[in-house]
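A.B. asks: Let me give you the structure first, and then I'll get to my questions.
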Amino acid sequence: MTALGLVLLSMMGYTQHMQQPEPSSLGVEGGARLLSRADWGARMPKSVEHFEGPAPYVIIHHSYMPAACFSTPDCMKSMRDMQDFHQLERGWNDIGYSFGIGGDGMIYTGRGFNVIGAHAPKYNDKSVGIVLIGDWRTELPPKQMLDAARNLIAFGVFKGYIDPAYKLLGHKQVRETECPGGRLFQEISTWPHFNNGIRFNATTEQPPQGQALPVVPKV
């Protein structure tokens, strides 16, 4: 993570489910800006369940749909669309991911750190789920998206939300899916802490007793 990015995120005094927009003066050029739920117009969660940190896993996703967004208004709408789909159609408590990354290079707070998510069965209570908005099966996300994702992970480690010895995974390593897309998966496999030793096996990877796997598209 760049020193500028780390200082910028630290200045923001991250708190769970922030409700006040951050001052625009904090959007320093070259740094990843962390936007609150209020910034993108999030609906209130139905409930919030926390888990003990720091998180030992970081799991990378792509949204597939919505498609890639490159302006902040469009990325805010993509976050709202995902929350609508997860809350209203799937009946989840909130948007499933911990954070979203837009093509504008901004970081959008989803459930936040140390909040049980709905993005990776068996890992929801021990991971940070980061979705890069768009379909990254054949194309690589732009540099500003990749930089923002790495900055967010480094920030989480720095603030104690993510274990310094965390394991980085792609979504397809923990369930049957193409997510986060072949090209993005190829990219994150070069990042520090990527763990290739975890592989999804449909014959052995079963949900805990009493917990059903959600039905989701294999994307």
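From the backbone N, Cα and C atoms, a Cβ is placed for every residue, glycine too.
Summarising the annotation, TrEMBL assigns disulfide bond to CYS69-CYS75. Taken from TrEMBL, the feature domain 'Peptidoglycan recognition protein family' applies to 32-175. Here TrEMBL flags 43-181 as domain 'N-acetylmuramoyl-L-alanine amidase'. Annotation comment: TrEMBL describes 1-17 as signal peptide.
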A.B. asks: So for CYS69 (disulfide bond), how many other CB atoms are inside 10 Å of its CB?
C.D. replies: 22
A.B. asks: So, by DSSP, how many helix, strand and coil residues make up the domain 'Peptidoglycan recognition protein family' (32-175)?
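C.D. replies: Tallying H, G and I as helix, E and B as strand, the rest coil: 41 helix, 33 strand, 70 coil.
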A.B. asks: Sequence gap of 6 or more, C-beta under 8 Å: which same-chain residues meet both conditions with respect to CYS75 (disulfide bond)?
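C.D. replies: Within the chain, CYS75 (disulfide bond) has Cβ neighbours under 8 Å at TRP40, CYS69, GLY100, GLY102, GLY103, ASP104, MET106, TYR108, ILE133.
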